[in-house]
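J.: Dropping the structure in here first, questions after.
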Amino acid sequence: MPKRSFTKDDIRKFAEEENVRYLRLQFTDILGTIKNVEVPVSQLEKVLDNEMMFDGSSIEGFVRIEESDMYLHPDLDTWVIFPWTAGQGKVARLICDVFKTDGTPFEGDPRANLKRVLRRMEDMGFTDFNLGPEPEFFLFKLDEKGEPTLELNDDGGYFDLAPTDLGENCRRDIVLELEDMGFDIEASHHEVAPGQHEIDFKYADAVTACDNIQTFKLVVKTIARKHNLHATFMPKPLFGVNGSGMHFNVSLFKGKENAFFDPEGDLQLTDTAYQFTAGVLKNARGFTAVCNPIVNSYKRLVPGYEAPCYIAWSGKNRSPLVRVPTSRGLSTRIEVRSVDPAANPYMALAAILEAGLDGIENKLEVPEPVNQNIYEMNREEREAVGIQDLPSTLYTALKAMRENKSIKNALGNHIYNQFINSKSIEWDYYRTQVSEWEREQYIKQY
């Protein structure tokens, strides 16, 4: 979605010309869940004057009940009309930043926090941080009550097409709706697992790209429902098949120059690119809980299913955590492959950016690239070349997060503490559950 710039008068004009009936004021909590306050268009002036208040104590990770009043400040450049509402009273959307009653940005707002880390980047002499995400999702059938089943909508595979790819029509409608909303779609295709799909859209600046991810998730789920399907961004909904990732392709710029590209450098990469990569590798264990934030995330990060389990980098193969795709010039980028679509994109990107800036600031040296298939290396071989494992559970990821300074800098005290508290509760709840697998394995044997 290209960057746009709208004024209050533009918004008034759009609302009148398009006969908009409702305004959806959207923001995101620390768990990555989209929240919104919907108001009739008669409240437009109040919205434009930043006077829309909501109860922050009702939102995960925000504030206590005694300090609950929050204000929504709309980003006018995010104005869009949901195409599927045209026949029932048009609904327009504005993404908002969350402010406190004293007029300052709320430190628990993930979007505002990402902007804070971007200001640190600018203080270091960089102008832009771009992100191209690759979100994947599964489509499941609904039952007669409209509830999701565990029955996939097809048994297709990588790049399959109809009649094997039964999700093709749904995916095509998703693309059409996204394009109507201003997305620049680069490709859409069936993924490796049955019922799994990927739609790639053009990179954008950090905040816009994260806004786009949240919009994308909403559109995918909405249009899937119209096809009597349930779209899920759960990383590993089924055993024995590939999980869903959301690879982050990132690049730093100084003005119009890609700070990662050097035509004369080794692999045509700059020292900045190598230092950024070194920072990502150094802090990877610390930011894993944010990039892979739910118990189920770690069912994806296992050998054999094309997801990274090991902390290494390569310019060639796809088994390490970090890959440098072959494109150069302005397209030079670093791909962080561990991120999954359950992640809060604002927090995940802030974590990766802060990790990379740590590498640049401290002039960290990147280890040698690993160009062989790490999945085929045994533990002794991996240890011999200094390859560490990513955390294998949410518990170990939270432990690594507590021991890492970079991730605390990336999130700020409020989000950092609230996130760890929320996820620790989630882990404690999970570890007391008794699964069907346990009953099948043990109830007769013991």
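Note: Cβ is positioned from N, Cα and C throughout, glycine not excepted.
I grabbed these lines from Swiss-Prot:
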{"type": "BINDING", "residues": "GLU134, HIS247, GLU335", "note": "Mg(2+) 1 binding site"}
{"type": "BINDING", "residues": "GLU136, GLU191, GLU198", "note": "Mg(2+) 2 binding site"}
{"type": "BINDING", "residues": "GLU186, SER251, ARG318, ARG323", "note": "ATP binding site"}
{"type": "BINDING", "residues": "ASN242, GLY243, ARG300, GLU306, ARG318, ARG337", "note": "L-glutamate binding site"}
{"type": "DOMAIN", "residues": "18-103", "note": "domain 'GS beta-grasp'"}
{"type": "DOMAIN", "residues": "110-446", "note": "domain 'GS catalytic'"}
{"type": "SITE", "residues": "ARG64", "note": "site 'Important for inhibition by glutamine'"}
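I'd like these features described in context: how deep, what's nearby, how far apart.
T.: For the recorded site, GLU335 (Mg(2+) 1 binding site), the DSSP three-state label reads strand.
Taking Cβ-Cβ distances under 8 Å and a sequence gap of 6 or more within the same chain, the neighbours of GLU136 (Mg(2+) 2 binding site) are GLU191, GLN196, HIS197, GLU198, SER244, GLY245, MET246, PRO341.
Around the Cβ of ARG323 (ATP binding site), a 10 Å sphere holds 23 further Cβ atoms from the protein chains shown.
DSSP assigns GLY243 (L-glutamate binding site) to coil in the three-state reduction, placing it in neither a helix nor a strand.
The domain 'GS beta-grasp' (18-103) scores a mean pLDDT of 88 in the predicted structure.
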J.: Give the distance between the Cα atoms of SER251 (ATP binding site) and GLU335 (Mg(2+) 1 binding site), rounded to the nearest whole Å.
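T.: Approximately 9 Å lies between the Cα of SER251 (ATP binding site) and that of GLU335 (Mg(2+) 1 binding site).
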J.: Quick check for you: of the binding-site residues GLU186, ARG318, ARG323, which have their Cα within 10 Å of the Cα of ARG337 (L-glutamate binding site)?
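T.: The binding-site residues passing the 10 Å Cα test are ARG318, ARG323.
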J.: Pop the Cα-Cα gap between GLU134 (Mg(2+) 1 binding site) and GLU186 (ATP binding site) into the table, whole Å please.
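T.: Cα-Cα distance, GLU186 (ATP binding site) to GLU134 (Mg(2+) 1 binding site): 11 Å.
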J.: Tell me which of the binding-site residues ASN242, GLY243, HIS247, ARG300, GLU306 ends up closest to ARG323 (ATP binding site) in space, Cα to Cα.
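T.: Considering only the listed binding-site residues, the nearest one is HIS247.
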